[in-house]
Structures are given as structure tokens and as C-alpha cells.
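Over in TrEMBL, the protein carries these features:
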type     : residues : note
COILED   : 94-121   : coiled coil
TRANSMEM : 412-437  : transmembrane segment
TRANSMEM : 457-475  : transmembrane segment
TRANSMEM : 557-576  : transmembrane segment
TRANSMEM : 588-612  : transmembrane segment
TRANSMEM : 624-644  : transmembrane segment
TRANSMEM : 691-710  : transmembrane segment
TRANSMEM : 796-820  : transmembrane segment
């Protein structure tokens, strides 16, 4: 736990590279992934750096790869992942990569251009073919006669829009149908009505139009069908011809010249059919060749991308180095974990050998005041818990890491809220599936974000399922039902005749009658309490919630204050690590006193009440305890402690003096007579309780100004003598200036936050009880409303109902509502308890993440597996 308990010791190193070996050395460091380089050229823009031309070449190759990938995606061709290791290409191989990518790009561009031209020509041929096939029916004698009559009527003013003024050339009556001119073409069917109406209005009805729908598909290589139709326009005069063609252009209608002679049309139609078939064959061969190029490129695309990614990242890193005056040496600065410096030196040595250089790279460790980054050595198990902590904030350098404690506390607090053994088993099996098949799932490289979230936290979910089973057994909840594993400690003290009589009365009155089991008679004191968890008899009791709610509420308080106290103890480790005596004496100790004198004292009272105060009379702490009616009320007692309210020193008076109203017999046979106080549960229950509580309250009150005032004045004293001071701002300290007012405000905020937080955080831990209650009640409702209804049904119908309702409705609702939704709710609340209630006691989270130059990380981001 040493490496995860605190971050690794970091060293700022300076590396001198020979220009010839710098590229290969950086490539080896990228494979190792243990050096975070510092940009030494921040004042320069990207165009002023040494390797700007190489970066531009890489960006140009990246553009070409993106173009090829887009072409592959257009054809819906899958791009396989590349799992083999690829060494970083040498700079001398960049020319070959550029040539190959440029050749592929030009080839695809040329194919796309030729294919587009061929497809356009093929569509025109098919449209011309459709025009020739339909134009004969459109140009028969009847159509010409009908067109001539319509145009003549419009010229005489018998049809068409009203015209005023001189008649133009095309307004003259048509004497013979042979004088008619015509234009043929193809237009989209959706535009045909508007096209005809526009022609009629503009020409004053002197253009006669006829349309015939094209049944065959004109674009054979498109997945979409476009409805088109052939049109023929009859008119008179060449002046009108130019207007008609302009209108056709406006409606994107294609006009085709058709000979009037039927024999010539037939001959032209045969030629066009031959040309269309030949062009179709050419297009198919072109597309086949393009498909071969696309499939070949798809197989190599990820390999090219990774190679280019490594080259580009190396040159970006080299641009962060400074260049000496001789231009023969590159100087780099980087953060390296102290334990891995030997590996970094070995990588530099291997890079020098592979580059063929005779001058080795030199690594020097530097002394610096710069704030180091934070790095933890993690594995696949601890990574998920560290991610939970890092989502709140990166640990400050050498600060105590909450992750080791989160490994246990997080799934446990989740399970306290989620506690159901049945649901925990389902969660455990799901996480176990992820763990068992993790190698296969990793090799699949699934890029779904939701899946990767669950898969990345598979070990977190695994422990959550284990702890949910544990707490479910403690609550004795298994799909809202109890399991009687050891036999109940409660027995029925009532005779059978009384129970039969009550059943008869209940049947007559149609009401349910109930009896209370008195603990002194119904509880088997010889057998003792239920060995593990809650006695199953409570699942049948009508006052079940009255018993479980106080138990869970007090347990939540105990767990919460325990975790907060542990957080304060961890802050001591931070103070020791920082060698801050003032924080230990005047911050840590007052915090412990404040928390202990009030809240730990409350926890001790809870435990003592559970242990000593029973339903039977007894002598407790030298005082006579009459029974459960005098069990101390802890909440009101805590209020009385703050109000310093006077209380009687005993539960009862007139004990054995002959004036007592009640009689009681202890377990040892001793008899007592007594009179209890009206509010005996509010009286003192151990000797000198009022004095003890006054002392505890005074200590807690005095500890507040100690936390608030001592440290700021101590920091001011050190600053006045020129000694270094820690302002507590993490990496910003090196840029900050001392200001006593800021220090005082900072300390006041922390003090107020701690004092108020002890109260609010204690109340916040009650969510453990609230969510546990909600989960149990939802599970009970689901059982009652779904499964129990089917179990009450008899016969074949009941069997079918059990099968259908259980296996479908009950299972689906259990998984969706009780496991996924309730699990997510408990997960978020557990995160809140750790981030705010636990980590606020010791964790600053103001550090800088260690981000080494690593090919593995870069490639995972490129493949969409990381962000």
C-alpha cells in the first residue's frame, strides 16, 4: 500500500539529447510512458518552433487519412482494429508514408470524379432513352391536333389569361398543326404541376404541355428512387422557344433534342441502349476497383493512423525542447518518478543505440522549488477506486490518498443503503461476468461510453455486490423476505385456545386481531439473541419499522461519526508528512477534542444504551432502573447538554422507603418499591453526568478559538522573520504573496466549515438509514403488488401467472428499478459521503495530475477508448 497510500516521489530531470538521437530517444520514452515533459518554448507560437515543418507534414497526412476514412465510411466498410505493436517510424520513412497516402488520395479522387461523370452520363442516356420511348405516343396526330386547337383558341382570346396591348409574333393564330414547334425533356414529377402552371401563365396558354411518367429507374447506382416524368411542349415561333428553354432551366428540367422522323428516332434509341449498357458495365468495373481500394485501405487504416500518431506526437514533444546555440543539442526538462529513473535511463540508452549515435543522452536530476505532479502506481483493481477520488480532485503532492480506505468504506456504505442479499447476488454475478471475461472484452475494444463506465468499475461493482449480500444478511432481507437460518429467539407465550378464539372473532368481525409479545415472557433468554443479523420474526411483526428504524438510524450515526473521526486521524498523517507542529497541536488536537466531546460522546451513549438498558428493572451504574419506560432519550439529552439544563440524578425516588407506588423484582430476586419521575427518561443515568457534560461542552467551546486564531498568527510570525510559510493553496503557493488577511479568512473558513460540518455531516449520514428504508419498502411493494398476487392464484392459471409474472414482470422490475435505479441512487449518495463528509476532514485535492508522454494513452484516446 506504500505507493498508493501517498503519491510517488517525483524528480525534475534535465536531459541533453544529441540531435541525431533525439527522435529515437523520445520514441523509447513514449513506449515507456514515465516522463512528463515541460514546454520550454511557451513564449513561441507553433510556427516558430524547430520541427514545425515536420508537424505540418504530419497534419497533411492526417488530413489524407481522414479523407480515406470518410470514403470508407461512405461505403459502410468496417475498419478493423490493429492490435499488434508498431514501433515509431523513422523520420526517413515519412516520405514513403506521404507518397503512399498521396497516391491513394489521388486515386480515390480520380475514381470519384470519373464515377460521378460516368453516372451523370448514364442517367442522361437512360433519360434520353425514356424520352425516345414515350415521344412517339406524345407526338401522334391526335396530340398535335389538340395542341394546335388549344394554341389557336388562346391566340383568339378564347382561352388563357387576358392580354392588353399589341399582339406579339406568337399571338398569331396557328393555321396548320405542322407549323408547331416542340421541346422534349425530363423533369421531376413533384415539379411537373408547378412547371405546367408557370408555362401556361407566362405564355398566355400558348404552350401546350403533356407528361408521361417514367416507370424505370434512371439512376441505377443510387439507393434512392427519384420519380421523374417525360414532357413535351408544343408552341409556335422561335421566340417562344427561347422562353420555354429558360423556364426549363429554372425548374431544373433537362431538355433533349429528338428527331421528328420516326425512323431516325428508332435508330437513335437502339444506339442509346447499346451505349447505356456499355456505360453500365464500365461503371460497375470502376466501382469494383474502388471497392478493392477501399477494402485494402480499411485493412491498413488503423495501422497508418497509429504510425502517424506516434510520429506526430514525437515531433510535438521535440518542439517542447530548447535548442542550444550550436543547433546540435536539444535540452528537455521532465518530471519522472524517482523509482523509475533507472528505467528512463535505460530507455535513453536503447534510443541512442537504435539511432546509431555515438553520443549518449545525459540525464541530470535537478533541485527545484516547482510543485511536482501527483502520480500513483495503480493496477486494474485499484484504478476504479482512484477514479472515484480523482473525480473530486487530484491529491496534492505527497498528500494522504483516500483511495486505499475507499476500497473498503465505499462499497460498505453503498451496501448499508442497498442492503438486500438477493439484489446483491445479481450485482455480484454481473460484476463477476465482467471480471471473468475481462480479457475478451478488452480485446473487443468496445467504444460504448456507458459500457466502458461499468466495465472500468467492474471491481467496484464486485465489492458492492459482496457487501450488499453481507448487509442484506445482517438486515435479514432477501428480496424483502427474511430467512430463518438459526431459529428465532422469540416464542409464542399465548395458549392455543386464546389464538383460536381470536381467529373466530376476527372472522366474524372481518378484522385482523393482533397480540403483542412481551419480551420478558416471549423472548428466550436462554437461547440468547439471533446469532447473525435481525431475528426473522420481525419480518412478520406489524411494528417492524418501529424496531428497524431506530436501529438503522443509530447505526448510521455510529458509522458516520466513525468515518469522520478516521478522516481527522488521517489529517494527522498529512501534518506529520508536512512536519507542521502547529497543525498537530493547534488544529488536529482541537478538532479531535471538539468531535470527541460532543459526537463521540453521543456514540458512546448509543452503545451503552444498547448494552445496559433492557426492558427489565436493573441496577445500572449504581442506580435503580425501573424499566424500558425510563430508557434514556439521547436526542433530548444532547439538547439538555447544550442548554446546561438541571436534571434529577436518578430515574426514581421513594426507593424501598415504604412510599413507592410500584413494585419491581430484579433477576437476582431482590424486590424494590419505587415511584418514577414523570419524565424519567430525561434524567441523569450515570453518576455526575451533568458535571461531565459541562466539562465536555467547555472543552469543545474552547477548542474553536484555538483552531481559528493560533495558526494565522503563527504564520505571520514566521513570515515576519523571513521563514518560509505554507499558505495551503497547493501549486499556487509559489506564485502567491503573503497576506495576513487572506490567511485569517482562509483559516476562518476552515474552522467554520469544520464546526458546522460536524453537525451537518452527522445529519447527512442519516441518508444511510433513509435509503435503506426506501430500498426495503420498494422491494416489499414489488413483492406484494406483483409476485404475491400470482402466488394466490390457483390451478393452471396460477402456474402460468407465476411463470409469466415472475420471470418477466418481477425480474424486469427488480433489475430496472431496484438494482439499476436504486443502485445508482445509493452509488451517488456513497460518493457524496466520501467526497464531502469523509474527504473534507483531511483531503485538499489541489494537486496536478501526472500526465506522462505515453504512446499507450495516446493510442487509447485515438481509438475512442479513453478521453
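The backbone N, Cα and C atoms fix where each Cβ goes, glycine too.
Remote same-chain partners of the transmembrane segment (588-612), defined as residues 6 or more beyond its termini with a Cβ less than 8 Å from a stretch Cβ, comprise 554, 557-558, 561-562, 564-565, 568, 571-572, 575, 618, 620-621, 631-632, 634, 637-638, 693, 696-697, 699-700, 703-704, 706-707, 754-755, 758, 762. Across 412-437, 457-475, 624-644, stretch 624-644 shows the highest tally of CB pairs under 8 A with the transmembrane segment (691-710). Residues of the same chain lying 6 or more positions beyond the ends of the transmembrane segment (412-437) and with a Cβ under 8 Å from any Cβ of it are 454-455, 458-459, 461-462, 464-475, 477-480, 555-556, 559, 563, 767-768, 771-772, 775-776, 779, 814-815, 818-819, 822-823, 826-827, 829-830, 833-834.
Within the same chain, residues 380-381, 384-385, 387-388, 407, 410-412, 414-416, 418-432, 434-435, 438, 483, 532-534, 548, 772, 776, 823, 827 sit at least 6 positions outside the transmembrane segment (457-475) and bring their C-beta atoms closer than 8 Å to a C-beta of that stretch.
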